[in-house]
Amino acid sequence: MLDIKFVRSNPELVLEGLKKRGSDISLDEFLKLDSMRREKLVVAEQLKNTRNVVSQEIGKLKKAGQDAEEKTLEMRKVSQKIKDMDDEIRNIEEKLQEILLSIPNIPHESVPVGKDENDNVEIRRWGKPRGFEFEPKPHWDLGEDLNILDFERGGKVTGARFSFYKGMGARLERALINFMLDLHTREHGYTEIFPPFIVNGDSMLGTGQLPKFAEDMFKLEGLNYYLIPTAEVPVTNLYRDEILAEEQLPIYHCAYSACFRAEAGAAGRDTRGLIRQHQFNKVELVKFSKPEESFDELERLTANAEKILQALGLPYRVVLLSTGDMGFTSAKTYDLEVWLPSYNAYKEISSCSNFLDFQARRANIKYRPTPKSKPEFVHTLNGSGIAVGRALSAILENYQEADGSITVPPVLVPYMGGIERITL
């Protein structure tokens with residue numbers, strides 16, 4: 001959420017940022033309501049001053065043994081006016097809050113302006129896509145042929161975009177999770193968190209999923225509870241409504257979780273395989289930093305996610321998202337895209353974003369720069385470190401052999417109990 005004072009003082013700057021995103025949100029209603037609120041606050045303050053004066057006059061009259069009924073009646077009328085005015089102000093503030101919650105973050109000046117993913121800018125590549133001497137299979141065929149993935153029974157038991165991992169498939173998924181957590185905690189300084197997979201509405205509001213993206217969430221019927229779409233939600237909200245000490249920052253957390261997404265807008269996209277599931281596993285990286293350090297932290301976070309792909313030997317590229325492709329809450333985002341032979345293209349496997357104080361303001365997460373200073377909002381960042389199912393897909397496709405077997409990446413062999421090859 002943007003600072004109300006910033007929007008009030010810089011409407012042209014906010015509108016320019018919205019225009020870069022391709023948003024047609026108008027600030028007219030916001031500015032009108034904000035002006036109305038400030039006018040009513042002045043009137044309310046005047047009425048409260050009047051009430052104080054009348055109250056003092058009543059006290060003097062009673063002390064002197066004189067009739068104070070007229071003044072008492074006057075104070076009741078003033079008190080009612082104050083109540084009515086406070087109610088009006090509260091209603092206006094609710095409308096202002098609703099508008100502020102609907103406004104996306106303002107893109108950082110370093111973000112390329114564009115309409116969509118076609119305007120993203122490639123920053124760098126790592127590794128070279130493998131040249132196969134045979135026709136490579138897609139991961140869904142490989143998984144079913146090896147009896148380690150079962151999409152048909154996933155559909156039977158639950159529905160479309162659900163799957164079973166079996167045998168070596170389940171073991172490889174678990175190996176990836178443990179490897180990622182070990183690398184981030186041992187080499188990158190993250191503290192592991194194992195969060196709840198169900199959160200309340202306030203948590204979803206804090207990280208920006210609500211109210212705008214309610215249709216993409218799985219909500220528990222009749223309850224103010226949601227299945228998490230990413231561990232970003234519970235881990236960021238870990239410090240909701242708290243004031244951190246300056247020496248605590250930066251805070252690095254990593255978390256494994258299952259993720260649940262309705263994917264309401266993804267009909268017809270990536271219908272086969274593990275690329276777009278309603279339930280999938282992910283290791284998430286979350287940071288809380290001082291404002292002046294957040295962009296340096298974004299570069300480090302992105303490098304941390306890249307390290308996973310490098311260790312797995314998977315070719316990938318880093319792209320800087322354009323204003324038209326960025327998420328609602330982000331001020332700047334890098335996507336890591338892994339090479340998938342079945343698509344003959346790079347596919348997203350991680351998004352690393354700096355939200356500035358956008359989430360912290362919604363979730364009320366602050367820090368105190370000095371022991372006696374006024375609390376300020378922290379900056380929050382997160383990124384996938386990385387999406388586990390997509391990593392498994394990339395391993396199956398990039399490490400497949402002509403006989404249909406899969407070579408296990410060397411770094412995962414210890415996590416697989418010494419198994420170096422997955423065969424039928």
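Every residue, even glycine, has its Cβ placed from backbone N, Cα and C.
Feature annotations, reproduced from Swiss-Prot:
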- THR230, ALA231, GLU232, GLU284, SER384: L-serine binding site (BINDING)
- ARG261, ALA262, GLU263, GLU348, ILE349, SER350, SER351: ATP binding site (BINDING)
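Per Cα geometry, SER350 is the residue among the binding-site residues ARG261, ALA262, GLU348, ILE349, SER350 nearest to SER384 (L-serine binding site). The record gives THR230, ALA231, GLU232, GLU284, SER384 for L-serine. Within 8 Å of the mean position of their Cβ atoms, the other Cβ atoms in that chain belong to VAL233, VAL235, ALA255, SER257, CYS259, LYS282, VAL283, LEU285, VAL286, ASN382, GLY383. Cα-Cα distance from THR230 (L-serine binding site) to GLU348 (ATP binding site): 15 Å (rounded to the nearest whole number). Its Cβ placed at the centre, THR230 (L-serine binding site) has 23 other Cβ atoms within 10 Å. Around ALA231 (L-serine binding site), a 10 Å sphere centred on its CB holds 28 further CB atoms from the protein chains shown. GLU263 (ATP binding site) counts 16 other C-beta atoms within 10 Å of its own C-beta, drawing on all protein chains shown. Shown are the binding-site residues ALA262, ILE349; the one with the most C-beta atoms within 10 angstroms of its own C-beta is ILE349.
In this structure, GLU284 (L-serine binding site) is part of a beta strand by DSSP.
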